[in-house]
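A.B. asks: Quick one: this structure, given as structure tokens, is what I'll be asking you about.
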């Protein structure tokens, strides 16, 4: 599994831009966890990464928006410090609700 | 190593699971408690009154992720059959292994080794808390059990493994009463008796084992193993031999420990037992409730699994072991690694 940090800036001045924002957010939600308003932590395998990148490129407008994908170093808890309200959940640990 | 457990367990009564944007959304009392991307899950297990939307069931089915329904207390009720489940190959592998004396012997030997090791650890643990007069007796019994572990590699047939296990069980249960500190004149284990139990300890042990066996059968079903085809236990109609096999490593850790704790804390007292004419003993309804509550709480406690190194709730150890056994039967593991309690 590859751990990624995805953040985006979508120009929301026009209604087409607001639509793009919703669709870009939706692609990210489908693949990972929302950690801040436009920041996602995602853990995917190689194939899923290709699909994710492809979908993001299809939804965004390269002349107006910006999407950045960072690779997180593993193990995550050693290299990621989070403060304040944090709803992150380790999805490889046993999930019992 | 491959991730062992990314199954979603939902035991909060009244939760609602639904599909939302390729995520499983879990709501409790109308409030969202989790959004879990589907690609992190290989199945969903729900206990008791948990609602799942039909769209989520269908989506999980299409992606070969089974949904398992257990009762609130963990007894198996139903499981979805996905279009292409590994079940048939796993079951064929299981049946082939059970028909092969060498492989059956190997699995039975590892199960017995795990059981004896945990019995020994339990005795030594009790010896630390016991009164001074009882300590040497418990240590002596632990030594006897340990001696039997050494005999296991010499066993040439499953019957011999059962014999070694029986010898160790006699040593273990012979010293069992010495782990108790209160009400000693009432709680005294002579020998193991079942159907009917002849003394209070047997009555409460039998009941705890029944609950535990149900959990283990649920674990087998959830992984896709046939709970009736066992290795250490002989095949018999209606008997969940594999569930009983899986239970062997957990008896001393979960059931016996619970009984000892409850008696020593005086939560189970002579008043919780009914003595019948003819010498049989049963546990009263209040006593049962005490035991079930304690076992459920105990299941939430996390232990570090000896093989995966992960913090795992005690209640999920049976599931982990069933999965490890499945990996062995499929040929992904050279041998079945039993659960060794610290």
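Any Cβ shown, glycine's included, is placed from N, Cα and C.
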A.B. asks: In TrEMBL, the Mn(2+) site includes B:165, B:248. Which of B:178, B:233 does it also list there?
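C.D. replies: Looking through B:178, B:233, the residue TrEMBL assigns to the Mn(2+) site is B:233.
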A.B. asks: Quick check: with B:165, B:233, B:248 left out, which same-chain residues have Cβ atoms within 8 Å of the centroid of the Mn(2+) site Cβ atoms?
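C.D. replies: Neighbours found: B:108, B:111, B:112, B:115, B:162, B:232, B:244, B:245.
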A.B. asks: In sequence order, what residues of the same chain, 6+ apart, have a Cβ less than 8 Å from the Cβ of residue B:248 (Mn(2+) binding site)?
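C.D. replies: Listed in sequence order: B:111, B:112, B:114, B:115, B:232.
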A.B. asks: How would DSSP class residue B:233 (Mn(2+) binding site) in three states?
C.D. replies: coil
A.B. asks: I want to check the contact list for residue B:165 (Mn(2+) binding site): same chain, sequence separation of six or more, C-beta distance under 8 angstroms. What comes out?
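C.D. replies: Counting only residues 6 or more apart in sequence, the Cβ neighbours of residue B:165 (Mn(2+) binding site) under 8 Å are B:112, B:115, B:116, B:148, B:232.
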